[in-house]
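The structure appears right after this line, and notes come after that.
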Amino acid sequence: MGTASRGGSVKAEKMPEGEKTRQCKQETEQQQKEDEREGLIEFYGSYQDVFQFFCSNTTIHGAIRLVCSKKNKMKTAFWSVLFILTFGLMYWQFGILYREYFSYPVNLNLNLNSDRLTFPAVTLCTLNPYRYSAIRKKLDELDQITHQTLLDLYDYNMSLARSDGSAQFSHRRTSRSLLHHVQRHPLRRQKRDNLVSLPENSPSVDKNDWKIGFVLCSENNEDCFHQTYSSGVDAVREWYSFHYINILAQMPDAKDLDESDFENFIYACRFNEATCDKANYTHFHHPLYGNCYTFNDNSSSLWTSSLPGINNGLSLVVRTEQNDFIPLLSTVTGARVMVHDQNEPAFMDDGGFNVRPGIETSISMRKEMTERLGGSYSDCTEDGSDVPVQNLYSSRYTEQVCIRSCFQLNMVKRCSCAYYFYPLPDGAEYCDYTKHVAWGYCYYKLLAEFKADVLGCFHKCRKPCKMTEYQLSAGYSRWPSAVSEDWVFYMLSQQNKYNITSKRNGVAKVNIFFEEWNYKTNGESPAFTVVTLLSQLGNQWSLWFGSSVLSVMELAELILDFTVITFILAFRWFRSKQWHSSPAPPPNSHDNTAFQDEASGLDAPHRFTVEAVVTTLPSYNSLEPCGPSKDGETGLE
């Protein structure tokens, strides 16, 4: 193997000064171009870079002050506090705006419309329940018990007050009927002063601390309570009505009304100066208000009014005699009238009023329509389909329809029978104490819970979004007048072939008409829409920062940059921690084992010889520093 000298020198060839300067300049420019070249994704190296770039380039007013005044710490602190305070005030205003928006306020719009008006439905009742001739046998027993009760409590003999001859006959007949009633219903009898017998679970009028009421007990008589009244008249009527309902429940459906029933009650009917006919009304029977007739309820041919005034409305002459009235059930005379919208049931006890005999009652109407916003703006319902109460009426949804249906459904569920005044649900039967012994106790308990809204009916039944109401005002005058009553009564008796014996107390006249041609519509519109919200937010942003939508995007970009750099720094910290905690790699098989375990405690170091062939090195002009050296040459000695 050949040998080589241990030493030597390599001398580089000297490059001209101009060439070296030119080459260094080219390399510097190339490096600057590489530094200025922007990649597809570039990012900041620290939070300070992000914040400084944002403050230097944003269009938000005041942000540049945080950078420009960095040499003055007092100004920097002042502008920082002012910037944060401004942001806080702005977002406080934002919170107020959002709270107002999500409260869903509405504006009330009042419109006055002029158009042909559809005449409402009008229901008129006789205030005469089932006549004595229809259920006299069923009522005799109840009358005798009531007569005896009045005699016990007030020392008033009702039979003698009416007529002496009929009183003796009625008393004998009632006694036989009462005995027959007790034999047919083998219940426990309760002795009273004059041996008046009452069924065991039948309410009985009682006198306690000058309060009149009746006792109601559960089926096993373990729980009883007094339904008391401050007025004896109210107590007797309520008690009588309770038994009257039981009598109606034991009877088949009300008899069909024919044209003679209508003519016996309605002497004359005109609308828009035209005579009414049978196609203009429907009829039904109310347990307390008697035969009822509803005019203009046929949706296929509704009446319309082109002009206001008494001559362009409905005019009725009705009979108000009380020859066959039930005195213990009906204590008023006349007729009862109610104005309501089509396809709505007539709840006479809620919205009706009485018409006096011998009086012409003129009722003027003003139509009002209400349209509410549904959804988030109000708790109204469009058609009741979203209300958790079954509609028992064959009519459209109203709040009163829902409330009564709710009570009836709870009545069937709790008492196992239905209240006679309300529609009958499928599969149920009306309450009758011959079948449901303690239904009265259950009913009055349930009624108290209903009035206190324990049943939740008032909460479940929501208002409809669209309603039509009629504002009524009435005027009264004597009819007919003293100078014209003779010929008026004569003509009515000849026309209807009926002899009016009581004259003035036997008839009444009713006029129902529109007061004005206009009708009012109360509507709702959103008071704070999305457009209004965005406008208010923009106004607040411009007020506090004088910026635009793009400034908001800059702020969103800043938040995104802070999020990304936080993720990057966290990722770097995690990788660095993982790299420092990893063990050293094992030595490779080609490594020189002479350098392993150098400090293992050996006595003498290993000796080795390295032989190399030294040749002349090439010239590396790029390694020379740009600019002249001290000696004017570059090389290795």
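Note that Cβ sites are derived from N, Cα and C of the backbone, with glycine treated the same way.
The feature compositional bias 'Basic and acidic residues' is assigned by Swiss-Prot to 11-34.
The disulfide bond feature in Swiss-Prot is assigned to Cys125-Cys292 (among others). Counting only residues at least six positions away in the same chain, the Cβ atoms of His286, Tyr289, Gly290, Asn291, Cys292, Tyr293, Ala335, Arg336, Val337, Met348, Gly352 sit under 8 Å from the Cβ of Cys125 (disulfide bond).
The disulfide bond annotation in Swiss-Prot covers Cys217-Cys224 (among others). The local packing around Cys217 (disulfide bond), expressed as other Cβ atoms within 10 Å of its Cβ over all shown chains, amounts to 18. DSSP assigns Cys217 (disulfide bond) to a strand in the three-state reduction.
Swiss-Prot lists Cys269-Cys276 (among others) with the feature disulfide bond, giving similarity to another entry as the kind of evidence. Under DSSP, Cys269 (disulfide bond) is assigned to a strand (E or B) in the three-state scheme. In sequence order, Thr275, Cys276, Asn280, Phe295, Leu314, Ser315, Leu316, Val317 are the residues of the chain that are 6 or more apart from Cys269 (disulfide bond) and have a CB within less than 8 Å of its CB.
According to DSSP, Cys465 (disulfide bond) is assigned to coil rather than to any helix or strand. Around Cys465 (disulfide bond), the same-chain residues six or more apart in sequence whose CB sits under 8 Å from its CB are Glu371, Arg372, Leu373, Gly374, Ser378, Cys380, Thr381, Glu382, listed in sequence order. What Swiss-Prot records for Cys380-Cys465 (among others) is disulfide bond, and it gives similarity to another entry as the kind of evidence.
A helical conformation is recorded for Cys402 (disulfide bond) in the three-state DSSP classification. Other Cβ atoms within 10 Å of the Cβ of Cys402 (disulfide bond) number 26 in total over all chains. What Swiss-Prot lists as disulfide bond is Cys402-Cys461 (among others).
Residues within less than 8 Å, Cβ to Cβ, of Cys442 (disulfide bond) and separated from it by at least 6 positions along the same chain comprise Met411, Arg414, Cys415. Residues or ranges marked as disulfide bond in Swiss-Prot (evidence: similarity to another entry): Cys402-Cys442 (among others).
On its own chain, Cys406 (disulfide bond) has Val389, Leu455, Cys457, Lys460, Cys461 as residues at least 6 apart in sequence with a Cβ closer than 8 Å to its own Cβ. Marked as disulfide bond by Swiss-Prot on the basis of similarity to another entry: Cys406-Cys457 (among others).
Here Swiss-Prot flags Cys415-Cys465 (among others) as disulfide bond. The secondary structure of Cys415 (disulfide bond), as reduced to three states from DSSP, is helical.
Per Swiss-Prot, the feature disulfide bond maps to Cys415-Cys442 (among others). In three-state terms derived from DSSP, Cys442 (disulfide bond) belongs to a helical segment.
Swiss-Prot lists Cys417-Cys431 (among others) with the feature disulfide bond. Counting every protein chain shown, the Cβ of Cys431 (disulfide bond) has 22 other Cβ atoms within 10 Å.
Per Swiss-Prot, the feature region 'Disordered' maps to 1-34.
What Swiss-Prot records for 1-76 (among others) is topological domain 'Cytoplasmic'.
The annotation topological domain 'Extracellular' is assigned in Swiss-Prot to 98-548 on the grounds of similarity to another entry.
Sequence annotations record features per position, and here Swiss-Prot assigns topological domain 'Cytoplasmic' to 570-637 (among others) based on similarity to another entry.
The transmembrane segment annotation in Swiss-Prot covers 77-97 (among others) and is backed by sequence analysis.
Outside the transmembrane segment (549-569) by six or more residues, the chain places 43-44, 46-47, 50, 54, 58-60, 538, 541 with a CB less than 8 A from a CB of the stretch.
Cβ neighbours of Cys417 (disulfide bond) (same chain, under 8 Å, six or more residues apart in sequence): Met411, Ala428, Glu429, Tyr430, Cys431, Asp432, Lys435, His436, Trp439.
Long-range Cβ neighbours of Cys224 (disulfide bond) (same chain, at least 6 residues apart, Cβ-Cβ under 8 Å): Val215, Leu216, Cys217, Ser218, Tyr441. Between the candidate disulfide-bonded residues, Cys276, Cys457, Cys461, the densest Cβ environment within 10 Å is the one around Cys461. Of all Cβ atoms in the protein chains displayed, 19 besides its own lie within 10 Å of the Cβ of Cys380 (disulfide bond).
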